[in-house]
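K.L.:
TrEMBL lists 20-43, 55-76, 96-117, 143-163, 202-223, 244-270, 276-297 with the feature transmembrane segment.
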Amino acid sequence: MLTLTPVLTVSYEAKVSFLLLSILEFTVGILVNAFIVSVNFWDMVNGQPLNNCDLVLLCLSITRLFLQGLLLLDAIQLSCFQQMKDPLSHNYQAILTFWMIANQVSLWFAACLSLLYSSKIARFHHTSVLHLASWVSRRFRRVLLAAFLFSCICTALCLWDFFSGSHFTVTSMLPMNNTEINLQIAKLNFFHSFIFCNVGSIPPSLVFLVSSGVLFTSLGSHVRAMKSRTRDSRDPGLEAHIRAIIFLVSFLCFYVLSFCAALVSVPLLVLWHSKGGVMVCIGMMAACPSGHAAVLISGNAKLRRTIETCYSGFKAAK
C-alpha cells in the first residue's frame, strides 16, 4: 500500500514562489488567449465575417480565459486560506468544480476543431464518410452550437450535483462528535463530484480521438500517394495535414498533462494532505492553456500576420 508522509503546510518562501509563478502563468495565459479573442473580435466589429476555424479559436480562447482565472483563484485559496489539516472548504471545492466544467467545455471546442480539420483536410475514399465530412463542413456552425448546448447540459448537471443538498446537509444530520464520519462523508462527496463532472468528458474525448485518427490515416494515405512525385515539389495538402496534426497533438499532450495533474492532485489534497504536491499540480495545470494558445498563434497565418503588423508599427513608432 502506497504511503506518503503528510505535509500539512509549506514554508513562507514556497508560498510566495508559488504565488509569483501562478501570477506569471496567469499573465501569460491572459495575454495569449486575450490576443486571439481581441483579433477575432476586432474583425467582427469591423464587419469581417469569421471563418469556422476563427470561430472555434475564439470560443476556445474565451473558455481558457476562465480557466486561467479559476486556476489563479485556486492558487490563492490554497496558499492563503485552505489548511491541509482542515476539511476542504466549500469555496475551494466550488473553484475546483468550476475548473472541471471549464476544462470540459474547452475539450468540446477542441473536439470541434479536430472535427473541422478532419472534414476540411482529410481525404476520404468511402462514399458514406465523404458525405458525412461534407455535411460537417457545410453545417459546422450547427455542430459547434450542438457541442455548446451539450456542454451547457453537462454544466447544469455538474452544478446541480455540487450544489445539491447532499453536500451541505448530510454532515449536519450527524452528531457533532462524529467528526471523523463527517470528514469521510465530505471526502466521498468530493470524489463523487470529481468523477461525475469528468464523466461528461468522455463524448468529446471520443470525438477528438476519432477525428484526429482519421486525420492521421489521411496523412498516411497522402504520403503514400506522394511517393511517385518529385521530392522538390511542395504539396499544400501535406503542409495542411502536418499543421493540423501539430495543433491537435499539442492539445492532446497539454490536455493529458493537465488532466493527469488534476487527477493526482485529488489524493494529494484529500488523502495525503500534501500541500507542496498540490502546488506542483496546479502549476502544471496552469501552464497548459497558455502553452497550447501559443502553439495556435505560431501556426495560424492570420494571428502571425497581426503580430508582425503590430511589431512593425511598434518599430516604426520608435
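Note that Cβ sites are derived from N, Cα and C of the backbone, with glycine treated the same way.
Automatic prediction, not curation, is the source of TrEMBL annotations.
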K.L.:
Please tell me whether the transmembrane segment (55-76) and the transmembrane segment (202-223) touch - that is, whether there are at least 3 C-beta pairs under 8 Å between them, with each pair 6 or more apart in sequence.
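P.N.:
Between the transmembrane segment (55-76) and the transmembrane segment (202-223), contact is absent.
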K.L.:
For the transmembrane segment (20-43) and the transmembrane segment (202-223), does the number of C-beta pairs under 8 Å, pairs 6 or more apart in sequence, reach 3 or more?
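P.N.:
Counting Cβ pairs under 8 Å, fewer than 3, so no.
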K.L.:
Determine which recorded stretch among 143-163, 202-223, 244-270 has the most C-beta pairs below 8 angstroms with the transmembrane segment (276-297).
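P.N.:
The stretch I would name here is 244-270.
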K.L.:
Report, as numbers and ranges, every residue of the chain located at least six residues beyond the transmembrane segment (143-163) whose Cβ falls under 8 Å of a Cβ in that stretch; write 'none' if there are none.
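P.N.:
Contacts with the transmembrane segment (143-163): 52, 55-56, 59, 93-94, 97, 100-101, 104-105, 108-109, 111-112, 115, 136, 192-193, 196-197, 200, 203-204.
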K.L.:
Cβ under 8 Å to the transmembrane segment (244-270), counting only same-chain residues 6 or more beyond its ends: which ones?
P.N.:
4, 88, 99-100, 103, 107, 110, 113-114, 117, 121, 187, 190-191, 194, 208, 212, 215-216, 219, 277-278, 280-282, 284-285, 288-289, 291-292, 295-296, 299
